[in-house]
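Single-structure report; data block below.
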Amino acid sequence: MSTIEIETMSHLSTLQSSSDFLSTTTIIALTIFFSLLCACIIIGHLLEENRWANESITALLLGLCAGAVVLLASKGNSSKILVFSEDLFFLYLLPPIIFNAGFQVKKKQFFKNFTIILMFGIFGTVISFCLISVGAFLLFNRIGVTSLNTQDYLAVGAILSATDTVCTLQVLSQDETPFLYSVIFGEGVVNDATSIVLFNAVQSLDFNNIDAMISLKLLGTFLYLFFTSTILGVVAGLLSAFIIKTLYFGRHSTDREVALMMIMAYLSYMLAELLNLSGILTVFFCGIAMSHYTWHNVTQSSRITTKHAFATMSFIAETFIFLYVGMDALDIDKWKASSASAGTFIAVSSTLFALVLVGRAAFVYPLANFINCIRKRDGSNIAFRKQFIMWWAGLMRGAVTIALSYNQFSNSDDEDTQDSALMITSTIIVVLFSTVVFGSITKPLIEAVLLRHAKPNVSDATDIPSLDDLRLMFIENGEPSDMGAGPRRSSLRLLLTHPTWTVHYLWRKFDDRFMRPVFGGRGFVPFVPGSPTGASDEASRT
């Protein structure tokens with residue numbers, strides 16, 4: 001046999017083994033997942049008018065059913081098609097969801113409630129973290145879980161303090177309840193970042209040398225991560241706006257505009273992770289900056305394309321996550337690794353869930369009433385009904401909780417394997433129960449508690465007044481006096497009496513005068529000859 005024939009046969013055998021590998025693992029797994037994604041889309045469409053169901057619950061239940069089928073097909077050996085991977089979740093699935101949320105969020109409503117969002121997302125998470133950690137430490141020994149150390153208890157508090165931002169997007173409406181949507185979703189974004197910061201801090205703590213300065217160090221670390229992550233996201237959004245506005249990509253190809261927006265948004269997330277910052281905060285504020293500046297610099301066809309492309313990628317990633325979680329919940333190896341009885345599973349899961357309930361109630365009601373006390377304007381208080389919905393809708397736990405749980409408990413020593421497996425499976429039970437129960441009841445509960453009792457003359461989406469109305473606030477009597485303009489109020493006095501409106505007014509003036517001429521935006525879109533919408537743009541300008 002000649003050398004050429006031998007080399008050819010070797011090459012063919014290599015290709016065949018590679019093909020066999022793909023056909024038996026990756027291709028089968030992706031085929032099943034894409035089939036389930038199609039089923040989720042179809043079922044979600046059929047259940048569109050059903051107030052008890054949404055895509056996340058549908059995907060979760062389909063994932064459970066598919067996992068059960070695979071488990072039966074393998075005769076109880078394994079239900080794994082894809083192994084739960086933190087890299088897959090944090091690097092590929094989460095960024096498009098958070099970016100699209102920032103890109104589509106109503107900025108006026110979000111920044112109007114920014115103080116509440118920060119209080120709930122930072123102080124609320126810390127309160128919940130402390131209560132859950134202390135509660136787990138006091139109760140787990142009585143249940144029989146004795147091998148966990150101090151670091152594990154603190155990690156449990158950080159893990160269960162992370163609300164499910166993804167499910168919040170589907171159970172709340174930005175149009176019907178804009179206040180609740182902006183507060184709960186915004187809190188979820190800040191909450192996830194805070195939980196991850198706390199979790200990483202717990203991982204790096206030296207428990208042999210704990211001093212009184214540890215809390216100040218944690219606070220300093222969080223403030224550093226929060227501001228640097230936010231600034232990085234805004235800078236990435238402004239850079240994309242400046243490049244697209246300056247180089248006029250629309251003259252030659254709208255595809256380049258869309259591609260540049262997508263890549264720079266993802267690049268901001270990767271840079272944040274590379275610098276050990278919060279990628280969630282970075283890509284969220286990058287989406288806000290792009291929607292305010294970059295989106296207005298592209299052609300009309302690119303605007304339509306980006307809006308739907310980002311929403312589509314976010315929808316697919318959301319559905320994939322819940323399918324993934326549903327199938328991974330039936331990982332038989334984790335259930336077998338723990339020798340705990342059914343009663344112990346129920347006891348640990350119930351304890352964790354009860355701590356989540358108490359931990360969230362411990363900051364929602366006190367902080368909401370504190371905000372009511374410091375607010376002076378009538379009609380701006382957070383009513384008890386809204387407080388209840390804010391408590392209820394924030395009880396859902398999702399893939400971030402599972403990912404952090406795997407990170408903490410999947411690499412334990414041999415003697416701690418049983419309790420570590422027990423903690424992972426109990427966390428999965430909490431995630432499944434909270435998502436299905438609270439996710440399905442939130443919509444009808446909002447209709448029963450809020451929308452049914454809504455006053456026709458009071459809107460939940462009270463918008464910030466126009467610039468003309470805001471300018472009148474700077475005149476003492478609202479009208480010019482006989483001598484000309486009346487005495488103007490001081491900026492400090494206006495800031496104290498109407499902080500939100502004053503900041504908005506000053507920001508709009510600064511934005512119109514300095515930011516938009518440089519980075520583009522509404523009113524500063526350059527005319528691009530030869531673009532698909534050039535004729536319509538020219539007609540609209542004349």
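A Cβ is built for glycine as well, from the same backbone N, Cα and C atoms used for every other residue.
The transmembrane segment annotation in TrEMBL covers 21-44, 56-74, 81-103, 115-141, 179-202, 222-244, 264-288, 309-325, 345-368, 389-409, 421-442. The domain 'Cation/H+ exchanger transmembrane' feature in TrEMBL is assigned to 53-447.
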Could you tell me whether the transmembrane segment (179-202) and the transmembrane segment (21-44) are in contact, taking contact to mean 3+ Cβ pairs under 8 Å with a sequence separation of 6 or more? no
For the transmembrane segment (309-325), the distant same-chain contacts (Cβ-Cβ under 8 Å, at least six residues beyond its ends) come to 33, 36-37, 40-41, 55-57, 59-60, 62-63, 66, 82, 84, 88-89, 92-94, 96-97, 99-101, 103-104, 166, 169-170, 258, 262, 398-399, 402, 428, 431-432, 435
Does the structure show the transmembrane segment (421-442) and the transmembrane segment (56-74) touching, where I'm treating 3 or more Cβ pairs under 8 angstroms (sequence separation 6 or more) as a contact? yes
Hey, which bits of the same chain come close to the transmembrane segment (389-409), Cβ under 8 Å, at least six residues off its ends? 84, 86, 89-90, 93-94, 120, 152, 155, 158-160, 162-168, 171-172, 177, 180, 183-184, 187-188, 192, 195-196, 199, 203, 321-322, 324-325, 328, 356-357, 360-361, 364-365, 368, 382, 420-421, 423-424, 427-428, 430-431, 434-435, 438-439, 441-442, 445-446, 449-450
Below 8 Å between Cβ atoms, which of the listed ranges 56-74, 115-141, 222-244, 345-368 makes the most pairs with the transmembrane segment (179-202)? 115-141
The transmembrane segment (345-368) and the transmembrane segment (81-103): do they have three or more Cβ pairs under 8 Å, with pairs 6 or more apart in sequence? no
Contacting positions for the transmembrane segment (264-288) when only residues 6+ beyond its ends and CB under 8 Å are counted: 90-91, 94-95, 98-105, 107, 110, 189-190, 192-193, 196-197, 225-226, 228-230, 232-234, 236-237, 239-240
For the transmembrane segment (222-244), sequence-distant contacts whose Cβ falls under 8 Å of one of its Cβ atoms, 6 or more beyond its ends: 122, 190, 193-194, 197, 257, 260-261, 264-265, 267-268, 271-272, 275, 277-290, 292-294, 297-298, 518-521
Other than its close neighbours in sequence, what residues sit by the transmembrane segment (56-74), given a CB gap under 8 Å and a spacing of at least six beyond its ends? 32, 36, 39-40, 43-44, 47, 80-81, 166-167, 170-171, 318-330, 332, 432, 435-436, 439-440
